[in-house]
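What Swiss-Prot says about this one:
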REGION    1-342  region 'Interaction with the PRC2/EED-EZH2 complex'
MOD_RES   Lys70  N6,N6-dimethyllysine
MOD_RES   Ser140  phosphoserine
REGION    146-213  region 'Interaction with DNMT3B'
MOD_RES   Ser149  phosphoserine
MOD_RES   Lys169  N6-acetyllysine
MOD_RES   Thr304  phosphothreonine
REGION    304-610  region 'Interaction with the PRC2/EED-EZH2 complex'
MOD_RES   Ser400  phosphoserine
BINDING   Cys668, Cys671, Cys674, Cys690  Zn(2+) 2 binding site
REGION    697-758  region 'Autoinhibitory linker'
COMPBIAS  703-714  compositional bias 'Acidic residues'
MOD_RES   Ser718  phosphoserine
MOD_RES   Lys895  N6-acetyllysine
MOD_RES   Lys961  N6-acetyllysine
MOD_RES   Lys1118  N6-acetyllysine
MOD_RES   Lys1120  N6-acetyllysine
REGION    1126-1622  region 'Interaction with the PRC2/EED-EZH2 complex'
REGION    1144-1622  region 'Catalytic'
MOD_RES   Ser1436  phosphoserine
Amino acid sequence: MPARTAPARVPALASPAGSLPDHVRRRLKDLERDGLTEKECVKEKLNLLHEFLQTEIKSQLCDLETKLHKEELSEEGYLAKVKTLLNKDLCLENGTLSLTQKANGCPANGSRPTWKAEMADSNRSPRSRPKPRGPRRSKSDSETMIEASSSSVATRRTTRQTTITSHFKGPAKRKPKEDSEKGNANESAAEERDQDKKRRVAGTESRASRAGESVEKPERVRPGTQLCQEEQGEQEDDRRPRRQTRELASRRKSREDPDREARPGTHLDVDDDDEKDKRSSRPRSQPRDLATKRRPKEEVEQITPEPPEGKDEDEREEKRRKTTRKKPEPLSIPVQSRVERKASQGKASAIPKLNPPQCPECGQYLDDPDLKYQQHPVDAVDEPQMLTNEALSVFDSNSSWFETYDSSPMHKFTFFSVYCSRGHLCPVDTGLIEKNVELYFSGVAKAIHEENPSVEGGVNGKNLGPINQWWISGFDGGEKALIGFSTAFAEYFLMEPSPEYAPIFGLMQEKIYISKIVVEFLQSNPDAVYEDLINKIETTVPPSAINVNRFTEDSLLRHAQFVVSQVESYDDAKDDDETPIFLSPCMRSLIHLAGVSLGQRRATRRTVINSAKVKRKGPTKATTTKLVYQIFDTFFSEQIEKDDKEDKENTMKRRRCGVCEVCQQPECGKCKACKDMVKFGGTGRSKQACLKRRCPNLAVKEADEDEEADDDIPELPSPKKLHQGKKKKQNKDRISWLGEPVKIEENRTYYWKVSIDEETLEVGDCVSVIPDDPSKPLYLARVTALWEDKNGQMFHAHWFCAGTDTVLGATSDPLELFLVGECENMQLSYIHSKVKVIYRGPSPNWAMEGGMDPEAMLPGAEDGKTYFYQFWYSQDYARFESPPKTQPAEDNKHKFCLSCIRLAELRQKEMPKVLEQLEEVDGRVYCSSITKNGVVYRLGDSVYLPPEAFTFNIKMASPMKRSKRDPVNENPVPRDTYRKYSDYIKGSNLDAPEPYRIGRIKEIYCGKKKGGKVNEADIKIRLYKFYRPENTHKSIQATYHADINLLYWSDEEAVVDFSDVQGRCTVEYGEDLLESIQDYSQGGPDRFYFLEAYNSKTKSFEDPPNHARSPGNKGKGKGKGKGKGKPQVSEPKEPEAAIKLPKLRTLDVFSGCGGLTEGFHQAGISETLWAIEMWEPAAQAFRLNNPGTTVFTEDCNVLLKLVMAGEVTNSLGQRLPQKGDVEMLCGGPPCQGFSGMNRFNSRTYSKFKNSLVVSFLSYCDYYRPRFFLLENVRNFVSFRRSMVLKLTLRCLVRMGYQCTFGVLQAGQYGVAQTRRRAIILAAAPGEKLPLFPEPLHVFAPRACQLSVVVDDKKFVSNITRLSSGPFRTITMRDTMSDLPEIQNGASAPEISYKWRATVLVPEAAARVALPAHPQGPYPQVHERAGGCRMRHIPLSPGSDWRDLPNIQVRLRDGVITNKLRYTFHDTKNGCSSTGALRGVCSCAEGKTCDPASRQFNTLIPWCLPHTGNRHNHWAGLYGRLEWDGFFSTTVTNPEPMGKQGRVLHPEQHRVVSVRECARSQGFPDTYRLFGNILDRHRQVGNAVPPPLAKAIGLEIKLCLLASAQESASAAVKGKEETTTED
């Protein structure tokens, strides 16, 4: 049976022109009304027309075809003769069917006609086969030639010209019975519409045939190469015969056999005059395409033409039912159910889009324009014959060991191509061999010793294989990988591919070299993040051998599966105590982003990339002081053993997913874990899983669990109480008072001593109380009072807190107690026994004892009843502070309780009080001053109020809420917008709260109680309202170029409760200032000014009235000065003016480019004399901005070791700081080294002991600075179940430092980004422990979850401004709207401002004094697809990759992108409104991933819809920033597909520049960076935002001022006492 061919799309049947009689014409029309199916109608028409073809013409056509096959007639001559015959007897009257196409010949995605494929068994080509594969029937060359000729079709890629008679061969196929019945049932109903449709199609074809007659002459090309679309402009005489011939051929073929299927590679549009005529020619000496023996006889079923636009969808559906046959076994997925047409709307029903056909062997799409066919070399022979050629022999007959056949022969192989059994060129590295798909190759074999890759001296071979395995044998000592194939007969080292196969093989070489880059990069950078890996890939110059200009992120994502597999293979050879490098942060991101399948079988590749293990560069072993070392090796050892035991018990359960191939493998029986198993003769004690069966999926999951803490903190109670259980009453029978009563007060008789069971107890002693629950430890308390009343013999207990009840948990010293603010009255009978609690204060020489052997806290305390305490512990905020120095008065010693006094002071402080009364009018008492929380408020003061305290007469313009998203219209251009199921956009300020309302106090009054006393609980304030710019009728646009502290006076008044007042601020009339507005704004916190008044009735701005000025201005000009009338300004400055504060000598460890130092300098508290930074570019940037600082670029461990050894200078002669020199120590030690492990076992503990955190704590212990600050990522407080936090605080407490921790949001301190940072503050004994700074700006609530959960207890910082703040949020517009427009990749060092920005915030005032050019923009360069994607991201807020259109785009280098194919049903997202599929991989259907489904060079990255369902649809990737929003956390390399996500400029098609990132961090434009673009990005991304550092510095400054004031007061008091004594 001849092979079936692909019919052209069947047009309305054309009859021969004038040669047919009228009755025949009528009969042709009647056939269309006889109720026949479409196929039957076509068959009858063909039979009718065949009667009018003259016999001699048929004979002549057959003779011409025979001559063409025998090459006695050229193709040009054949076409000319056929044209003559056809023009003589046949004339086509309908023309060619016109079909629209895209530039590459592929219909738009979703608009493809219905495809169905039916696969039939085909005979294989003759060849010698290895025995395991089994014999196959061979065909003669004549049979093959007949099949090739009978199945030839006009195509772009075949090498033979289509013949005419071949279209009339073969019987017509009958339609299945069920289809025929359905067709008959619907035929009569659609009869009239079919007739109208045929007439319209015929007219269209006629017009198209007249307009599209341009076919180029056949062009001679290399066999097997892809032919591009032909150009217009050849001679008309040469084009017309060929076009007419092809039209007739397609029509005759359609009439003869409409069911014939397309051959692979056949383009299925009839109107392809500009493409199909280009055929591959060959020299006459070259044999015909022998690969056709392997090509399928049937691969694609008949294609139904798509009606012209405007046709009824019902017609298309009916046509498809008539002409489409059902395939017995679909190649891909079941077709989705059709969408029913709504009768009320009268619209067409949505037609589901079916899959394009695929090759059943290699899985490639048959309509892919890049699909190529194999062309064998000239005179090629099969493999056995080739191997016997003498040219391949390296031995002669005299060789004594010639006849040994222990191993397969090895040869070099060049000019090779690899193809499947159907002749499609295909890669070998996509898993086809692993799936037992037979792949063959052809080319030129050479002897193993040959080095010349040319074809000279080689033996041409064809159909070698099938390939049993392919392998990589490392590299050739340079950049080229050695790759080979193994067959049943020999092994072949590959040299150079054929020109046709070079693009495919180039990708294979590219992925191998990228794997080499990744493995070598991870060897030295195991803690690198994804952006660092992309930086490495993009900055590596590709070797010339692989013909790639540059590596990109798309290159890495394209080969991600292969790269991860190679990294896994590298990890297979690791030592047991080594951490797998595939668990590094960058590899986990790559695995998630690209959807890599872990644990796949890799046995088919004999060897992997052999990269020599390189000793990882990094910090040396941690240099620790003895105190720090003792903490880790003594107090934590028991916890380590406990965790190790838990690990061993749970390893077997945690190491299996049961799905991947690694888990399903049997135990190897050879590794250390297997040898310990009982079944392999071991003891079975270790209970470890086989090292070869450790599931990679679970390993990645466990590593991800600690990657980032969740934003949503569970609702847990704050540990404000000890939650002591019920106490157990003791049987104390003998309780008696000793001595006389001390005092009698309120029915209480106080005593000083008591005897309990012959044990004397007096006030001030400590006792233990047994809990009712025996599993709990003893409760300990200090007896502060003893008395007797009606309740019996009582005592007042001031409780101690055990270390395990603090944030320290199990890391605390078991003998250490902490004072807390809790006390209780109890009966003496509850006392268990007397204990001893010693206060251990700091030694007089504490600061100089650093680094020495630590003394025992309680030498000889082994009786179980002796404890010690150093600090007061605040359970609300986890603050360890020195105990208060309050001394009891002489008359209060018998009942003096520190807890009661502190609580009373706190209540007294929080209670509102009236200080000065003015008058009483109508039952109201008017006042001039009141106080609350230690702040005094007077008439004329300005105050903060919550946003709900009062409203404005102008209706507030609420933040613009985005309208509800309309249904996604996927008809014009398919997009993935449907994935945006949530309206939340990361980086949006839509939910940001309003800042405080501000008012000036006009009156203060309150009512009276019944007794005539002032009712201080009901104080009211009448005030004038201040408008902010956004509160006026100009709304938010008024803030674009206005200072953030600008207000407008208003005569509107409001009355508020004093309890609503949130604090005091300063508001001045700008014209009354004695300094510039900028100096005034920077002169202190909470400063505002106004220049105009706002009239809400007229919506106009006016001059402020006289009473708007501060009351103190009445004295202006009389020598009183400005300060007298404005006490709120002068009061905070008085202590600072009176006390000169020296700056702290600071050592900045891990300084980076100097963000912390810059903030502290702005706060005016420090002078950074030393800095340590190992990374040279950051160290150079620090030097540029701090020329007076000694910057060490050495390992911090080396420097500390030198100092501890008594060295004064380092190897470079730089002077080292000595003990006593450092007054403040600050830094942010990296902690990635132990961030990837889920449990704290002995291996991770060992790594933690050598981490930089331990080194930093040793610096603190040695130098003993006055203040200590540790900054780190927010997750620092959660690492290892908060164990890192606990150990850090434990070390500080053991050193004697007061300390606390908290999480701060940098966006609340004046930067346009969300950046949560963990801060640990510590103060030396005698200093005041700083509070955390109150927020200055409102910020998005989602980003302000700052609680920390430790051991199921929630801790918060001392911050009280939780719902609002003094200033509005800083936006992207504030940050960078004045910067000039720059292009992608611009690198000019200086660019002029677009316009000069005003002072937006006090922290950014440095912009005003800038030169005309800010330091370079330096945006990241993104070429090819990345830059093109940026240009297609819409400018609307919230846009990201899901808004990319699925279109073809020409890149700058001329390459045209492919459209992304959606060929699978997505079970989660369903189908589109048009019925189109939404899945890009078989995993969307719940199956395993198919590597053949991967797509490349698409505008929409294939990996994103592939893995989107598992990762929140990758929201934000390729995301555009919003002018009124903020940055995500600024990272070290802004990549559109990186962690930060939204990095595209709001209006320009590029990522944000270095200067824009620096501004988002709060760096002034005068701050200089060093190095290339990526170095600068890294410097900015790793820095602490200077505004945040400044806010912390100001809090430290307040502590210094308070200490200075106390010292001054003590000195004055001492002087007065001395004077009195004198």
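Even glycines carry a Cβ here, placed using N, Cα and C.
With the fewest other C-beta atoms within 10 Å around its C-beta, Ser1436 stands out among the recorded positions Cys668, Cys671, Cys674, Cys690, Ser1436. A separation of roughly 59 Å, to the nearest angstrom, links the Cα atoms of Cys674 (Zn(2+) 2 binding site) and Ser1436 (phosphoserine).
Summarising the environment of Lys895 (N6-acetyllysine), the number of other Cβ atoms within 10 Å of its Cβ, over all protein chains shown, is 19. Here the C-alpha separation of Cys690 (Zn(2+) 2 binding site) and Ser1436 (phosphoserine) works out to 53 Å.
Rounded to a whole number, the distance between the Cα atoms of Ser1436 (phosphoserine) and Cys671 (Zn(2+) 2 binding site) is 57 Å. Rounded to a whole number, the C-alpha distance linking Cys668 (Zn(2+) 2 binding site) with Lys895 (N6-acetyllysine) is 74 angstrom. Note: the CA-CA distance between Lys895 (N6-acetyllysine) and Ser1436 (phosphoserine) rounds to 69 Å. Following the DSSP three-state reduction, the secondary structure of Lys895 (N6-acetyllysine) is helix.
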